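As written in Swiss-Prot, here are the features:
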- 108-154: region 'Disordered' (REGION)
- 20-62: repeat 'WD 1' (REPEAT)
- 66-108: repeat 'WD 2' (REPEAT)
- 165-204: repeat 'WD 3' (REPEAT)
- 212-255: repeat 'WD 4' (REPEAT)
- 257-291: repeat 'WD 5' (REPEAT)
- 318-357: repeat 'WD 6' (REPEAT)
- 367-407: repeat 'WD 7' (REPEAT)
Amino acid sequence: MAAVDHPASSLPHLQLLSDLTPPSLERTWLTAPHPRLPIVATCSSDKTVRVYSLTNFRLLSTISGGHKRSVRTAAWKPHVQGESVLATGSFDATAGIWRRWDSYGQTTGDEGWGLGQETTTNKSESQEEQAQETDILRQQQATHNENDGADDEDEEWRFAVLLDGHDSEVKSVSWSPSGMLLATCSRDKSIWIWEDLDDGDNNFETVAVMQEHEGDVKCVAWHPVEECLASASYDDTIRIWREDLDDWGQVACLRGHEGTVWFLSGPRIVSCSDDRTVRVWRRQPKEQAAAGGTGMPSILRPTGLDETWEEETVLPKVHDLAVYAVAWSKRTGLLASVGADGRIVIYEERLGVVRTEWVILAVLPGAHGIYEINHVAWANRADRDRDVSKEEEVLVTTADDGSVKVDETVGL
(Lines of atoms letter the chains of each structure in order from A and count residues from 1; the text may use other names and numbers.)
(Lines give C-alpha, C1' and ligand atoms only; values in the text may rest on other atoms or scores of the structure.)
Protein backbone atom coordinates (compact mmCIF):
# COMPACT_ATOMS: atom_id res chain seq x y z
CA MET A 1 0.00 0.00 0.00
CA ALA A 2 1.35 3.40 -0.90
CA ALA A 3 2.31 5.71 1.94
CA VAL A 4 -0.11 8.51 2.70
CA ASP A 5 1.35 12.02 2.63
CA HIS A 6 -0.02 14.18 5.41
CA PRO A 7 -0.43 17.87 4.61
CA ALA A 8 2.10 20.06 6.40
CA SER A 9 -0.71 21.79 8.28
CA SER A 10 -1.63 18.50 10.00
CA LEU A 11 1.82 18.10 11.51
CA PRO A 12 2.54 19.51 14.99
CA HIS A 13 3.55 23.15 14.66
CA LEU A 14 3.41 26.62 16.19
CA GLN A 15 1.06 29.18 14.71
CA LEU A 16 1.24 32.91 15.35
CA LEU A 17 -1.86 34.27 17.07
CA SER A 18 -0.75 37.87 17.37
CA ASP A 19 1.93 40.37 18.24
CA LEU A 20 1.34 42.36 21.42
CA THR A 21 0.71 45.96 20.36
CA PRO A 22 2.02 48.56 20.49
CA PRO A 23 5.46 47.04 21.14
CA SER A 24 8.47 48.60 22.78
CA LEU A 25 10.83 50.29 20.34
CA GLU A 26 13.80 48.89 22.24
CA ARG A 27 15.05 45.48 23.38
CA THR A 28 12.51 43.43 25.33
CA TRP A 29 14.06 41.07 27.85
CA LEU A 30 11.35 38.97 29.47
CA THR A 31 7.61 38.33 29.70
CA ALA A 32 5.97 37.39 33.01
CA PRO A 33 2.48 35.80 32.82
CA HIS A 34 0.09 36.75 35.64
CA PRO A 35 -0.66 33.78 37.95
CA ARG A 36 -4.46 34.11 37.65
CA LEU A 37 -5.39 36.72 35.02
CA PRO A 38 -4.96 36.58 31.20
CA ILE A 39 -2.35 39.34 31.20
CA VAL A 40 1.44 39.51 30.92
CA ALA A 41 4.10 42.01 31.96
CA THR A 42 7.02 42.66 29.59
CA CYS A 43 10.38 44.18 30.57
CA SER A 44 12.10 46.63 28.26
CA SER A 45 15.35 48.50 27.80
CA ASP A 46 13.35 51.74 27.73
CA LYS A 47 13.03 51.51 31.57
CA THR A 48 9.36 50.51 31.44
CA VAL A 49 7.19 47.47 32.06
CA ARG A 50 4.24 47.04 29.72
CA VAL A 51 1.15 45.09 30.73
CA TYR A 52 -0.82 43.50 27.88
CA SER A 53 -4.08 41.60 27.59
CA LEU A 54 -3.86 38.06 26.21
CA THR A 55 -7.50 38.32 25.18
CA ASN A 56 -7.21 41.14 22.66
CA PHE A 57 -3.38 41.43 22.63
CA ARG A 58 -3.49 45.16 23.39
CA LEU A 59 -1.53 47.33 25.78
CA LEU A 60 -3.35 47.83 29.07
CA SER A 61 -0.82 49.81 31.06
CA THR A 62 2.73 51.12 31.02
CA ILE A 63 4.64 51.14 34.30
CA SER A 64 7.43 53.70 34.43
CA GLY A 65 9.31 56.05 36.70
CA GLY A 66 10.76 53.59 39.19
CA HIS A 67 14.02 52.55 37.51
CA LYS A 68 16.85 54.59 36.02
CA ARG A 69 18.05 51.94 33.56
CA SER A 70 16.73 48.94 31.62
CA VAL A 71 14.16 46.77 33.37
CA ARG A 72 15.64 43.28 32.98
CA THR A 73 13.20 41.04 34.85
CA ALA A 74 9.79 40.88 36.54
CA ALA A 75 7.64 38.43 38.51
CA TRP A 76 4.06 38.55 39.79
CA LYS A 77 3.51 37.75 43.46
CA PRO A 78 1.28 34.67 43.93
CA HIS A 79 -1.74 34.29 46.24
CA VAL A 80 -2.64 37.98 46.28
CA GLN A 81 -6.32 38.90 46.46
CA GLY A 82 -7.81 42.25 45.47
CA GLU A 83 -4.64 43.63 43.89
CA SER A 84 -1.73 42.71 41.65
CA VAL A 85 1.82 42.92 43.01
CA LEU A 86 4.77 42.94 40.61
CA ALA A 87 8.48 42.73 41.43
CA THR A 88 10.96 44.18 38.93
CA GLY A 89 14.73 44.07 38.60
CA SER A 90 16.85 46.61 36.75
CA PHE A 91 20.32 47.31 35.42
CA ASP A 92 20.32 50.20 37.93
CA ALA A 93 21.11 47.53 40.60
CA THR A 94 17.73 47.81 42.33
CA ALA A 95 14.55 45.77 42.59
CA GLY A 96 11.14 47.39 42.82
CA ILE A 97 7.73 46.37 44.16
CA TRP A 98 4.68 47.72 42.32
CA ARG A 99 1.04 47.46 43.42
CA ARG A 100 -2.29 48.05 41.72
CA TRP A 101 -5.85 47.46 42.94
CA ASP A 102 -7.83 44.94 40.90
CA SER A 103 -11.34 46.05 41.89
CA TYR A 104 -11.95 47.45 38.39
CA GLY A 105 -10.92 44.10 36.93
CA GLN A 106 -14.50 42.85 36.91
CA THR A 107 -15.49 45.32 34.20
CA THR A 108 -16.21 44.17 30.69
CA GLY A 109 -14.40 46.90 28.79
CA ASP A 110 -11.10 46.41 27.02
CA GLU A 111 -9.39 48.44 29.72
CA GLY A 112 -10.05 45.86 32.45
CA TRP A 113 -8.11 42.85 33.66
CA GLY A 114 -11.31 40.73 33.76
CA LEU A 115 -10.91 37.00 33.16
CA GLY A 116 -13.73 36.88 30.66
CA GLN A 117 -12.16 39.54 28.45
CA GLU A 118 -10.32 40.62 26.20
CA THR A 119 20.83 37.50 26.98
CA THR A 120 23.04 37.73 26.07
CA THR A 121 23.83 37.13 22.59
CA ASN A 122 26.57 34.61 22.99
CA LYS A 123 25.50 37.35 25.22
CA SER A 124 28.94 37.09 26.73
CA GLU A 125 29.85 39.61 29.42
CA SER A 126 31.45 42.03 26.96
CA GLN A 127 28.51 41.84 24.56
CA GLU A 128 26.01 42.32 27.37
CA GLU A 129 27.95 45.39 28.51
CA GLN A 130 27.79 46.73 24.96
CA ALA A 131 24.05 46.11 24.89
CA GLN A 132 23.68 47.99 28.15
CA GLU A 133 25.66 50.94 26.80
CA THR A 134 23.42 50.97 23.73
CA ASP A 135 20.39 50.96 26.03
CA ILE A 136 21.72 54.00 27.89
CA LEU A 137 22.26 55.92 24.65
CA ARG A 138 18.74 55.09 23.52
CA GLN A 139 17.33 56.18 26.83
CA GLN A 140 18.97 59.58 26.42
CA GLN A 141 16.90 60.13 23.28
CA ALA A 142 13.34 61.42 23.34
CA THR A 143 11.05 59.02 25.18
CA HIS A 144 8.12 57.50 23.36
CA ASN A 145 4.58 57.73 24.65
CA GLU A 146 2.96 54.46 23.55
CA ASN A 147 0.27 54.32 26.17
CA ASP A 148 -2.66 54.77 23.71
CA GLY A 149 -4.86 56.41 26.29
CA ALA A 150 -3.70 54.29 29.20
CA ASP A 151 -2.37 57.28 31.18
CA ASP A 152 -5.21 57.13 33.69
CA GLU A 153 -4.45 53.49 34.38
CA ASP A 154 -0.73 54.14 34.77
CA GLU A 155 -1.46 56.46 37.68
CA GLU A 156 -3.03 53.54 39.52
CA TRP A 157 0.25 51.63 39.65
CA ARG A 158 2.01 52.47 42.91
CA PHE A 159 5.79 52.14 43.22
CA ALA A 160 5.61 50.79 46.77
CA VAL A 161 9.16 49.69 47.62
CA LEU A 162 12.71 50.09 46.31
CA LEU A 163 14.95 47.18 47.33
CA ASP A 164 18.53 48.40 47.35
CA GLY A 165 21.54 46.21 48.13
CA HIS A 166 23.08 44.74 44.99
CA ASP A 167 26.25 46.35 43.64
CA SER A 168 25.47 45.70 39.98
CA GLU A 169 22.69 44.84 37.51
CA VAL A 170 19.79 42.75 38.85
CA LYS A 171 19.31 39.90 36.38
CA SER A 172 16.40 37.91 37.84
CA VAL A 173 13.67 38.10 40.49
CA SER A 174 11.47 35.25 41.71
CA TRP A 175 8.75 34.86 44.37
CA SER A 176 8.64 31.78 46.60
CA PRO A 177 5.55 29.51 46.37
CA SER A 178 4.08 31.15 49.48
CA GLY A 179 4.72 34.64 48.12
CA MET A 180 6.41 35.67 51.36
CA LEU A 181 9.99 35.52 50.06
CA LEU A 182 11.52 37.26 47.05
CA ALA A 183 14.85 36.13 45.59
CA THR A 184 16.99 38.49 43.50
CA CYS A 185 20.32 37.85 41.78
CA SER A 186 22.89 40.06 40.16
CA ARG A 187 26.00 40.50 38.13
CA ASP A 188 27.72 41.13 41.48
CA LYS A 189 27.69 37.29 41.94
CA SER A 190 25.26 37.44 44.85
CA ILE A 191 21.76 36.16 45.61
CA TRP A 192 19.57 38.05 48.07
CA ILE A 193 16.44 36.75 49.77
CA TRP A 194 13.96 39.32 51.03
CA GLU A 195 10.97 38.66 53.27
CA ASP A 196 7.71 40.54 52.76
CA LEU A 197 6.72 41.38 56.33
CA ASP A 198 3.13 41.85 55.16
CA ASP A 199 2.61 44.50 57.83
CA GLY A 200 0.59 46.88 55.71
CA ASP A 201 3.52 49.29 55.39
CA ASN A 202 5.29 47.63 52.42
CA ASN A 203 8.26 46.64 54.57
CA PHE A 204 10.76 44.04 53.36
CA GLU A 205 13.59 42.53 55.38
CA THR A 206 16.81 40.99 54.07
CA VAL A 207 16.99 37.44 55.41
CA ALA A 208 19.98 36.08 53.45
CA VAL A 209 22.80 37.04 51.10
CA MET A 210 24.53 34.13 49.34
CA GLN A 211 27.83 34.67 47.52
CA GLU A 212 29.07 31.20 46.61
CA HIS A 213 28.80 31.70 42.85
CA GLU A 214 32.04 32.64 41.10
CA GLY A 215 30.40 34.63 38.32
CA ASP A 216 27.41 36.69 37.26
CA VAL A 217 24.22 35.03 38.56
CA LYS A 218 21.83 34.96 35.61
CA CYS A 219 18.68 33.41 37.04
CA VAL A 220 16.92 32.36 40.24
CA ALA A 221 13.87 30.07 40.38
CA TRP A 222 11.90 28.56 43.26
CA HIS A 223 10.61 25.00 43.46
CA PRO A 224 6.87 25.12 42.60
CA VAL A 225 5.83 23.86 46.06
CA GLU A 226 8.83 23.82 48.41
CA GLU A 227 10.83 26.81 49.63
CA CYS A 228 13.88 25.54 47.78
CA LEU A 229 15.77 27.94 45.51
CA ALA A 230 17.87 27.20 42.41
CA SER A 231 20.31 29.62 40.77
CA ALA A 232 22.17 29.62 37.45
CA SER A 233 25.42 31.41 36.74
CA TYR A 234 28.16 32.55 34.41
CA ASP A 235 30.39 30.11 36.36
CA ASP A 236 28.63 27.25 34.46
CA THR A 237 26.96 25.86 37.61
CA ILE A 238 23.49 25.46 39.04
CA ARG A 239 23.25 25.73 42.83
CA ILE A 240 20.46 24.65 45.16
CA TRP A 241 19.68 26.57 48.36
CA ARG A 242 17.59 25.82 51.45
CA GLU A 243 16.99 27.34 54.85
CA ASP A 244 18.23 25.44 57.91
CA LEU A 245 17.63 26.87 61.38
CA ASP A 246 17.07 30.39 60.02
CA ASP A 247 20.24 30.24 57.94
CA TRP A 248 20.17 29.88 54.16
CA GLY A 249 22.91 27.76 52.61
CA GLN A 250 23.92 25.79 49.56
CA VAL A 251 22.81 22.15 49.60
CA ALA A 252 23.93 21.08 46.12
CA CYS A 253 26.07 22.24 43.21
CA LEU A 254 25.26 20.85 39.76
CA ARG A 255 27.99 20.75 37.15
CA GLY A 256 27.63 19.54 33.59
CA HIS A 257 27.09 22.56 31.39
CA GLU A 258 30.15 23.81 29.53
CA GLY A 259 29.04 27.40 29.30
CA THR A 260 27.03 30.07 31.09
CA VAL A 261 23.79 28.69 32.50
CA TRP A 262 21.14 31.20 31.52
CA PHE A 263 17.80 29.99 32.77
CA LEU A 264 15.99 27.50 35.01
CA SER A 265 12.41 26.23 34.96
CA GLY A 266 10.15 23.38 35.97
CA PRO A 267 9.19 20.93 38.70
CA ARG A 268 12.44 19.04 38.34
CA ILE A 269 15.05 21.40 36.94
CA VAL A 270 15.43 22.15 33.27
CA SER A 271 18.38 24.35 32.39
CA CYS A 272 19.80 25.93 29.26
CA SER A 273 23.22 27.27 28.47
CA ASP A 274 25.75 28.98 26.26
CA ASP A 275 26.87 25.43 25.35
CA ARG A 276 23.69 25.11 23.20
CA THR A 277 22.20 22.35 25.33
CA VAL A 278 19.02 21.91 27.36
CA ARG A 279 19.36 19.54 30.34
CA VAL A 280 16.98 18.02 32.88
CA TRP A 281 18.09 17.37 36.47
CA ARG A 282 16.40 15.26 39.12
CA ARG A 283 16.78 15.14 42.90
CA GLN A 284 17.51 11.68 44.30
CA PRO A 285 15.42 10.39 47.20
CA LYS A 286 17.42 10.71 50.41
CA GLU A 287 17.41 6.95 50.97
CA GLN A 288 18.95 6.35 47.54
CA ALA A 289 21.47 9.14 48.00
CA ALA A 290 22.49 7.75 51.38
CA ALA A 291 23.04 4.33 49.80
CA GLY A 292 25.37 5.83 47.24
CA GLY A 293 22.94 6.25 44.35
CA THR A 294 24.47 6.32 40.88
CA GLY A 295 27.24 8.76 41.78
CA MET A 296 27.00 11.06 38.78
CA PRO A 297 30.52 12.50 38.33
CA SER A 298 29.11 15.88 37.29
CA ILE A 299 27.71 16.62 40.74
CA LEU A 300 29.92 18.20 43.41
CA ARG A 301 29.03 17.59 47.04
CA PRO A 302 29.84 20.62 49.16
CA THR A 303 30.36 20.28 52.89
CA GLY A 304 27.10 19.62 54.70
CA LEU A 305 25.23 18.62 51.54
CA ASP A 306 21.86 17.08 52.35
CA GLU A 307 20.64 16.64 48.76
CA THR A 308 21.98 14.83 45.72
CA TRP A 309 20.92 15.91 42.25
CA GLU A 310 21.79 14.07 39.06
CA GLU A 311 21.67 14.97 35.40
CA GLU A 312 18.75 12.98 34.05
CA THR A 313 19.15 13.75 30.37
CA VAL A 314 20.43 16.12 27.70
CA LEU A 315 17.61 16.95 25.30
CA PRO A 316 18.10 16.46 21.54
CA LYS A 317 20.33 19.22 20.24
CA VAL A 318 18.62 21.66 17.89
CA HIS A 319 19.99 25.12 18.65
CA ASP A 320 23.03 26.38 16.74
CA LEU A 321 23.82 29.16 19.20
CA ALA A 322 23.40 29.89 22.91
CA VAL A 323 20.07 28.87 24.46
CA TYR A 324 18.82 31.76 26.59
CA ALA A 325 15.55 30.52 28.08
CA VAL A 326 13.44 27.43 28.69
CA ALA A 327 9.87 27.04 29.92
CA TRP A 328 8.12 23.95 31.29
CA SER A 329 4.36 23.82 30.77
CA LYS A 330 2.43 23.02 33.95
CA ARG A 331 -0.54 21.92 31.86
CA THR A 332 0.99 19.62 29.22
CA GLY A 333 4.52 18.94 30.45
CA LEU A 334 5.92 20.23 27.15
CA LEU A 335 9.23 22.11 27.17
CA ALA A 336 10.02 25.14 25.03
CA SER A 337 13.45 26.66 24.40
CA VAL A 338 14.65 29.81 22.63
CA GLY A 339 17.95 31.50 22.01
CA ALA A 340 20.40 33.42 19.89
CA ASP A 341 19.57 31.46 16.72
CA GLY A 342 16.00 32.81 16.71
CA ARG A 343 14.39 29.37 16.93
CA ILE A 344 11.55 28.19 19.13
CA VAL A 345 11.82 24.46 19.89
CA ILE A 346 9.11 22.33 21.52
CA TYR A 347 10.02 19.03 23.23
CA GLU A 348 7.85 16.24 24.66
CA GLU A 349 8.78 13.64 27.27
CA ARG A 350 7.75 10.09 26.39
CA LEU A 351 7.81 7.50 29.13
CA GLY A 352 9.10 4.10 28.04
CA VAL A 353 9.32 0.78 29.83
CA VAL A 354 13.09 1.02 30.17
CA ARG A 355 13.81 4.74 29.97
CA THR A 356 12.33 8.16 29.39
CA GLU A 357 12.89 9.75 25.99
CA TRP A 358 12.57 13.39 24.97
CA VAL A 359 11.55 14.04 21.37
CA ILE A 360 11.31 17.20 19.28
CA LEU A 361 7.71 18.02 18.41
CA ALA A 362 8.14 21.30 16.56
CA VAL A 363 10.76 23.81 15.49
CA LEU A 364 9.92 27.36 14.38
CA PRO A 365 12.97 29.06 12.81
CA GLY A 366 13.23 32.82 12.57
CA ALA A 367 10.31 33.33 14.94
CA HIS A 368 11.23 37.02 15.32
CA GLY A 369 12.88 37.47 11.94
CA ILE A 370 16.62 38.06 12.23
CA TYR A 371 16.49 38.88 15.94
CA GLU A 372 17.60 36.84 18.93
CA ILE A 373 14.88 35.61 21.29
CA ASN A 374 15.60 36.43 24.92
CA HIS A 375 12.76 34.69 26.74
CA VAL A 376 9.90 32.21 26.43
CA ALA A 377 6.93 31.56 28.73
CA TRP A 378 3.74 29.49 28.74
CA ALA A 379 0.61 31.49 29.59
CA ASN A 380 -3.13 30.92 29.83
CA ARG A 381 -5.62 32.94 27.82
CA ALA A 382 -9.31 32.91 26.88
CA ASP A 383 -11.18 34.74 24.14
CA ARG A 384 -13.79 37.31 25.08
CA ASP A 385 -17.02 35.72 26.40
CA ARG A 386 -15.44 32.27 26.48
CA ASP A 387 -15.86 30.14 29.60
CA VAL A 388 -12.70 30.63 31.68
CA SER A 389 -12.55 26.85 32.21
CA LYS A 390 -11.93 26.54 28.47
CA GLU A 391 -8.94 28.85 28.41
CA GLU A 392 -6.04 27.73 26.26
CA GLU A 393 -2.30 27.72 26.81
CA VAL A 394 -0.15 29.83 24.52
CA LEU A 395 3.56 30.48 24.12
CA VAL A 396 4.87 34.03 24.55
CA THR A 397 8.32 35.01 23.25
CA THR A 398 10.28 38.27 23.57
CA ALA A 399 13.11 39.47 21.35
CA ASP A 400 15.85 42.01 20.78
CA ASP A 401 13.71 44.08 18.40
CA GLY A 402 11.19 44.80 21.16
CA SER A 403 8.51 42.52 19.74
CA VAL A 404 6.46 40.14 21.87
CA LYS A 405 4.70 37.33 19.98
CA VAL A 406 1.97 34.96 21.07
CA ASP A 407 1.88 31.53 19.40
CA GLU A 408 -0.55 28.67 19.78
CA THR A 409 0.43 25.02 19.54
CA VAL A 410 -1.38 23.14 16.78
CA GLY A 411 -1.51 19.36 16.80
CA LEU A 412 0.66 19.09 19.92
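Glycine residues also receive a Cβ, built from the backbone N, Cα and C atoms like all the rest.
Across the repeat 'WD 5' (257-291), the model assigns an average pLDDT of 87. Note on the repeat 'WD 6' (318-357): residues 12, 14, 119-123, 224, 259-260, 262-267, 270-274, 276-278, 312, 363-378, 380, 393, 395, 397, 399, 407, 409, 412 of its chain, located 6 or more positions outside it, place their CB under 8 angstroms from a CB of the stretch.
Only sequence-distant pairs (6 or more apart) were considered; of these, fewer than three Cβ pairs between the repeat 'WD 4' (212-255) and the repeat 'WD 7' (367-407) are under 8 A, so the stretches are not in contact. Counting Cβ pairs closer than 8 Å and at least 6 residues apart in sequence, the repeat 'WD 7' (367-407) and the repeat 'WD 1' (20-62) reach three or more and so form a contact.
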